[in-house]
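S.K.: Let me give you the structure first, and then I'll get to my questions.
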Amino acid sequence: MSAAALGLLRIAPLISTSAYLTFTIAEDLYFRPYLDQSVAKAAEALLPAYIAIWYTRGMVLIFTVYPLTWGTAIANLPVGKLVHQSKPAFVLYVLGLAFSLGHMLWGRRAMSLLNSIRENRGQGSTDIVRVWCRMNLIRGLLVDVPAWGSFLAAFLVWTSSL
């Protein structure tokens with residue numbers, strides 16, 4: 001494998017993790033305004049249709065970027081004798097992979113909340129969005145940020161071992 005291809009492979013999990021971390025932050029930015037009291041009544045009416053449209057597009061992103069992260073993280077492990085060249089980088093890629101997979105631990109709950117808004121059932125839509133935003137923040141802080149940090153550290157440690 002050429003040095004350029006190896007470098008691209010080593011940084012790929014960091015790039016894809018940056019994409020989904022940006023998406024996690026953006027979700028908060030575009031859902032939280034619906035919680036403002038001044039738009040609460042309109043939000044209750046709008047959110048089911050909005051979530052129905054957003055949901056499909058969001059799922060496409062999630063089921064593209066996360067598997068890309070997992071695949072490139074796994075591909076990094078045996079390539080270029082990483083474990084022998086830099087054991088700390090190897091461990092950091094494994095940690096990043098584990099944290100990234102950890103995002104899915106919240107999947108069933110997140111999908112249930114979003115589906116209940118789409119189907120316009122149960123408690124009010126803004127109440128559900130409030131719960132979802134809190135869950136998204138916790139998930140982002142517990143697994144998405146550590147995944148990004150692990151992949152950043154892995155890449156930096158690997159480059160310093162060259």
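Cβ from N, Cα, C; glycine included.
Just so you know, TrEMBL annotations are computer predictions that nobody has curated.
Straight out of TrEMBL:
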TRANSMEM  45-68  transmembrane segment
TRANSMEM  89-106  transmembrane segment
TRANSMEM  137-158  transmembrane segment
S.K.: May I ask for the residues of the chain that lie six or more residues beyond the transmembrane segment (45-68) and have a Cβ under 8 Å from a Cβ within it?
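M.R.: For the transmembrane segment (45-68), the nonlocal Cβ contacts are 12, 16, 19-20, 23, 27, 34, 100, 103-104, 114, 117-120, 125-126, 129.
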S.K.: Please give the sequence-distant neighbours of the transmembrane segment (137-158): residues at least 6 beyond its ends with Cβ less than 8 Å from one of its Cβ atoms.
M.R.: 10-11, 13-14, 17-18, 20-21, 24-25, 28, 69, 73, 76, 82, 85-86, 88-90, 92-93, 95-97, 99-100, 102-103, 105-106, 110
